[in-house]
Amino acid sequence: MENYNPSEDPGPTFCVGHHEHNRMITVTPRVIQNVHESNYDMMTVPITTSHFHSRVLGLLSSYLTNLQPPAYDNVGTRATTANTRPLVVPSLSKADSYLTPNDATSQLVGVTSSWIDLCSPDPLIADLSRQVLMLEVAYAAFCGIGYLLIPGPKLHHGALHSEGVIYYARAIQDALNLGPYIQFHIWLQMVDNPETEVDTMGDLAPLARADFLEPSDGIPLKVDPFGTWDAWDAIRKTSKYHTRLFVALSMPKQLPSLFVQSRWHSEPVHLLTIDGSAFLKNQKGYPVLSKSHQALIAKMMRLRTAPWILLCGVGPIPGLENSEDPDSNQASDYPSLSQASKKHHDPTPHLSYIRNLQQRQPQRTAIERFGTGYQDYLQAPLQPLTVNLESITYEVFEKDPIKYEWYEKAIYKALKDWADQKKPTSHPDGKVVLAVVGAGRGPLVTRALKASAEAGVEIDMWAVEKNQNAFVLLQRHNETIWGGKVTLVQSDMRAWKGPRVPKQATSEAKEAVGESLGIGESLLHKKGDAEQGNASTFAQSSDADLCYTHADIIVSELLGSFADNELSPECLDGVNDLINPVHGISIPASYSAHFTPVSAPKLHSDVVHQTVSNPAAPETPYVVMLHAIDFLSTTDTPTTNETSNASDGTRSSTPSGSFTATEFPTPFVQTAWSFSHPNRHIPAQSPMQSTISNAHNVRQTRLTFPAQNRGACHGLAGYFETVLYGDVELSTNPVTMEDKSASMISWFPIYFPLKTPLNVPENGEIVATMYRQTDDRKVWYEWMVEVYALERINSSKPIPTAHSQTASSSVDNLKTKENAAKGSRAGYRRVRVGISDLHSSIKDGCLM
Ligand SMILES: C[S@@+](CC[C@H](N)C(=O)[O-])C[C@H]1O[C@@H](n2cnc3c(N)ncnc32)[C@H](O)[C@@H]1O
């Protein structure tokens, strides 16, 4: 991290392809060479020709001529087969495809026919379309095509809306089976805009028989911002989140709201298609993209699998003949081939722009560089007490540019305050007794010594570590770096009896506190062989001259991604009584767990596929660097108009005070619970019990999250915040991280999955109930999610929108926010429309 040089960061690589919807050539390795020479990385090819199209139209036409009108059978069913003789499309012939298997095939993206209509309400058209698709997929698979682009479902048929999506989804499932090595990309618009769904000459949709259509009622249809996402959700659900099923997303000239953009950002968009018409012209007449387009591309390119860009309708690839290409006309604003040959003329200005955009990609943030390859990768949680960390793991922690700085700052402030307030110390010499518990390889020890020197406050430094391997390094550092100033203790902190000081100077000898916790004698460290190093003033003292004292400041870093999930509360309980009972300080002083519901299709798909070999997979909280997720509950005001101003990237109708033009909406993250140290309220342990009760570390919460837009909830994203000392805080909460500890890299968030995704209605509510449970031997979590729709009690009152929340920042204002959430929806009845299983990580609970 320290050696990072931004100028050497290569940034994301763009893979750019060329699409022409009626390419009429056989692609050979020579053609591919031509494509590469033009600076494109790949190209598309249609699977079938216009000859095939004409053949199917002819077939349909003669079939319809001889067909009886559809009739009802004797039970009143207007059946699909009873009244139609099956129409079978004969297999492909030579003239039906230019595609032929050769060395170039693997570098092509095949495109299936856009003139079919798998969603047609007329079963004849739907079935004919299905046959066409199957013939094309089968031939593409035979030729060795690796990627297929499939035009998305037609959503509007007269008054019918989205009725045929399930037929489409069913056909895609068949296609996935027919082409087992093909990656399928469903080509979708970002929003459902009925006006852009127009039929062109030769399309099958208008040939649907009137008997199967419901005439439109004449009311103009509105843009549905999440309409195409809805269709995609149905398609991928039908195929059970298939690992070879992706989105090809078409970027319109006017981008939809950031809510819609953020949703697509969370989906597996592997192709981003940009039509020539989506470009603007700069002052010199060259094609450029708006700021909001650039921002969306930049975000997409930072995903674990960056999408390929497909330029459509931007004129031909120089040197490739395609006289009948209708797309080439669209580029007439730009130089023709003959013009291109003239000096200084760029024959591919759109491509040049995209290549230039690649060079101008913003530098990656510290966490992005650190997490390369870890985005959306599920990591099993740690068992920190039973498993000893490797040196390399500590080394990774130690690269954090913020965490250790902040700890040093916190220790410095605590020491300064101690001295300024003239508080008595636990050491006879007046030194502040400071112990780092769970010292690892010692970075916090180094920082504590530095803070003491800077503050000019002398400390008696102790370091406790249970990992015997890390302890070897602590011994070495004490000799080489710390000048023997540190007393090292190799022990589980829960068995440590506390620091010792020369006897004569203390007014009273303390009890061996570790024993009072009831930890077995076998766990207690043995004096002499465990303690190493030289404590400054009593290095030569014999055991008899020493007595136990308190630690004035205990410093620890035992936090997990969800604050308490690596058992910091249980470990610190073990040293609770060692802390100076009057003035003692724990750094951290407190920490809290936070969460928010998310749509996370990639993570859901991974969990589903892991479940095959591990039934506990959906009951496991995972550590994961969340990237391709969409926050379902946000604090920003949605725009009323689904477009943003394309030329300057500002949102034409966004009320002031809302989020910026290119930032995704801010999540509504709420606090689940918190822990404070030292804990003066641990109940006395019962002498009747052989084990220590951990009941005081149980927690429970039930939180309501208003959801503005419809979506699918796949799980909960968890974060933490901690107050180290005073105003020195660390946070992974996306709402507060920037303010409290920007660029901190030590922790990824946690993800609590749901076995089955829950669909969320527009202006609905997501209610999450969560528990931190214990049986005194281990700790685990339980979580459950419910979804509610709001039903009006008073029909004249409009449904309240769900975006009036304030961002979560601390535990204190939690109650206010909960009440606000309830209050703002008064007058409405909640109707539960979905409920998840009660998930439990008990099987993989964290052993105490
Ligand atoms: C997350 S690491 C932090 C290490 C180091 N303080 C740092 O910040 O780089 C937590 C350390 O605490 C140690 N640890 C965890 N539980 C402990 C316990 N009960 N007693 C002693 N050490 C413990 C682990 O072995 C590990 O070295």
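Cβ atoms here come from the backbone N, Cα and C positions, even for glycine.
The shown structure was predicted, so the numbers you read here are calculated from the model rather than taken from an experiment.
When other Cβ atoms within 10 Å of the Cβ of GLU465 (S-adenosyl-L-methionine binding site) are tallied across all protein chains shown, the result is 25. Under the heading S-adenosyl-L-methionine binding site, TrEMBL lists TYR394, LYS403, TYR404, GLU465, ASP492, MET493.
Taken from TrEMBL, the feature compositional bias 'Polar residues' applies to 328-340 (among others).
If you look up TrEMBL, you'll see 644-661 (among others) marked as compositional bias 'Polar residues'.
Positions annotated as compositional bias 'Polar residues' by TrEMBL: 799-813 (among others).
The region 'Disordered' annotation in TrEMBL covers 321-358 (among others).
Look at TrEMBL and you will find 635-661 (among others) tagged as region 'Disordered'.
The region 'Disordered' annotation in TrEMBL covers 799-825 (among others).
The site 'Critical for specifying symmetric addition of methyl groups' annotation in TrEMBL covers PHE397. DSSP gives PHE397 (site 'Critical for specifying symmetric addition of methyl groups') a helix state.
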Per DSSP (helix/strand/coil reduction), MET493 (S-adenosyl-L-methionine binding site) sits in helix
GLU465 (S-adenosyl-L-methionine binding site) falls, by three-state DSSP, under strand
Restricting the recorded positions PHE397, LYS403, TYR404, GLU465, ASP492, MET493 to those with Cβ under 6 angstroms from ligand 1 leaves PHE397, GLU465, ASP492, MET493
Same-chain residues at least 6 apart in sequence with Cβ under 8 Å of the Cβ of TYR404 (S-adenosyl-L-methionine binding site), in sequence order, are GLU398, PRO443, LEU444, ARG447
One finds that other Cβ atoms within 10 Å of the Cβ of PHE397 (site 'Critical for specifying symmetric addition of methyl groups') number exactly 17
One finds that other Cβ atoms within 10 Å of the Cβ of MET493 (S-adenosyl-L-methionine binding site) number exactly 23
Span of TYR394, LYS403, TYR404, GLU465, ASP492, MET493 as binders of S-adenosyl-L-methionine, largest Cα separation rounded to whole Å, comes out at 23
CB contacts under 8 angstroms to TYR394 (S-adenosyl-L-methionine binding site), restricted to the same chain and 6+ apart in sequence, sorted by sequence, are GLY440, ARG441, ALA470
A correct count of other C-beta atoms within 10 Å of the C-beta of LYS403 (S-adenosyl-L-methionine binding site) gives 23
Cβ contacts within 10 Å for ASP492 (S-adenosyl-L-methionine binding site), all chains included, total 19
